[in-house]
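**Student:** The structure follows.
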Amino acid sequence: MIFFYFLTLTSFISVAFSYNILGVFPFQAKSHFGFIDPLLVRLAELGHNVTIYDPYPKSEKLPNYNEIDVSECFVFNTLYEEIDTFIKTAASPFSSLWYSFEETLAVFQKENFDKCAPLRELLNSTVKYDLLITETFLTDITLLFVNKFKIPFITSTPNVPFPWLADRMGNPLNPSYIPNLFSDYPFDKMTFFNRLWNTLFYVMALGGHNAIILKNEEKINKYYFGSSVPSLYNIARETSIMLINAHETLNPVIPLVPGMIPVSGIHIKQPAALPQNIEKFINESTHGVVYFCMGSLLRGETFPAEKRDAFLYAFSKIPQRVLWKWEGEVLPGKSENIMTSKWMPQRDILAHPNVKLFISHGGLLGTSEAVYEGVPVIGIPIFGDQRTNIKALEANGAGELLDYNDISGEVVLEKIQRLINDPKYKESARQLSIRYKDRPMSPLDTAVYWTEYVIRHKGAPHLKTAAVDMPWYQYLLLDVIAFLIFILVSVILIIYYGVKISLRYLCALIFGNSSSLKPTKKVKDN
């Protein structure tokens, strides 16, 4: 009887396992780390020991969360350049892609890795980890630590996966109907030339990344670990799962293999109380508030004077108040209805019911926050996936795109008035918000579940498709197509020569010897 009670009691006891988790995030883009940071913090809250190497350390220490600053490593020289500079690099999807490759190649070099003391020390660490979490956006340099620790790893990407990321997961990314994230091609039906350029982009992206970025980083891999270790290309194909910032309300609908986990909105927390001055400014606005922010990389103060003045003119003509994230000390010509600050709690501002409009560059984190709260958006895309994000809002009736080159006082004013005064935009944004929130689990709970799943199942290799290990010509069925063409051509040739020989034979039977059919020569009389 005692034994029976013991079994009954133990059946209600849940055993919690604590894992050692390593995170390495040297890529210096705050929104990129902001996408995955909530997962890392949540894992620490659940009792796991989390060690993170990142360029944005927190001001206060968290339990179970050990943070090492790598902000001095791999610094991008172009960070916070003038907006006009970014515009020139993003003239086309191809120029955006090449610019991204150039910057990545320039920064993630062996000499910069050698200068990064925290990561060099990590290469010599004897600590045992159960899992690596890292970002593989443009660089795969952090996969060095898979060779070091021989552990399963999870990667994240702050947008829809690039072709090289989909390829390593064996995930289909068909350019015939899935537009690349640097383009503004329609989601529903691309034209012939859209599909042509889209296909060329996919080929260049995949080939360029493997030939340029991976080739450079492979030298670093071989330098530290020797020539006998697995290549970064092969390591990348061992990715357990990839957490992607994608959702069908904001991105093209794409097929996903089990290892591709969409967690768009993972960074969206419950809104916190606003600073008193901002809350007072919003609450006292009879006609509502417009929030204007160009993200963490693009600084509003770098707007050319004529662009800045266009917004100042438009803002001075509307009854709404304006919150403008302005990084400079003084905003010249600021009207009384404008409040500026170098930093603003964007997520909490967008959650306020008196915020009527969000003017943004179209970054995916800010766009998803606006969608979550049902706030219409005017998007001014500058580079990267921003144009695609705004096009998605436009297609859903929840926003409009404002081309940077079209900015003028009258154009900005007309767009603001239309999106605020026409109720269809607010209603479309509300419907989009409902669809965006309608999920079986929260994005954060989803990410936590799959992270622990990978550890429990030793890397979860059963989630991989056979496509991961297939040569490209087999994956594209080129060998099968070539064989079928060979069979078809062979059959056609057999039929052709069979008919030809048969006809010749029949002619011989009907008309006698074929030589008798030839015309006879006239004998010339002498």
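Heads up, the Cβ atoms here are built off N, Cα and C, so glycines get one too.
Keep in mind that what you see is a predicted model, and the values were worked out from it rather than measured.
The N-linked glycosylation site feature in Swiss-Prot is assigned to N49, N124, N283. Summarising the annotation, Swiss-Prot assigns topological domain 'Lumenal' to 1-474 and lists a curator's inference as the type of evidence. Sequence annotations record features per position, and here Swiss-Prot assigns topological domain 'Cytoplasmic' to 496-526 based on a curator's inference. As annotated by Swiss-Prot, transmembrane segment applies to 475-495.
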**Student:** Tell me the Cα distance separating N283 (N-linked glycosylation site) from N49 (N-linked glycosylation site), rounded to the nearest angstrom.
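**Tutor:** The Cα atom of N49 (N-linked glycosylation site) is 42 Å away from the Cα atom of N283 (N-linked glycosylation site).
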**Student:** Taking DSSP as the reference, which of helix, strand or coil describes N283 (N-linked glycosylation site)?
**Tutor:** helix
**Student:** Quick one: among the glycosylation sites N124, N283, which has the most Cβ atoms sitting within 10 Å of its own Cβ?
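**Tutor:** Buried the deepest by this measure is N283.
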**Student:** At a C-beta cut-off of under 8 Å, are there same-chain residues at least 6 beyond the transmembrane segment (475-495) that contact it? List them, or none.
**Tutor:** 467
**Student:** How far is it from N124 (N-linked glycosylation site) to N283 (N-linked glycosylation site), counting Cα to Cα, in Å?
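**Tutor:** The separation of the Cα atoms works out to 55 Å.
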**Student:** What three-state class does DSSP give N49 (N-linked glycosylation site)?
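**Tutor:** Looking at the DSSP assignment, N49 (N-linked glycosylation site) belongs to a strand.
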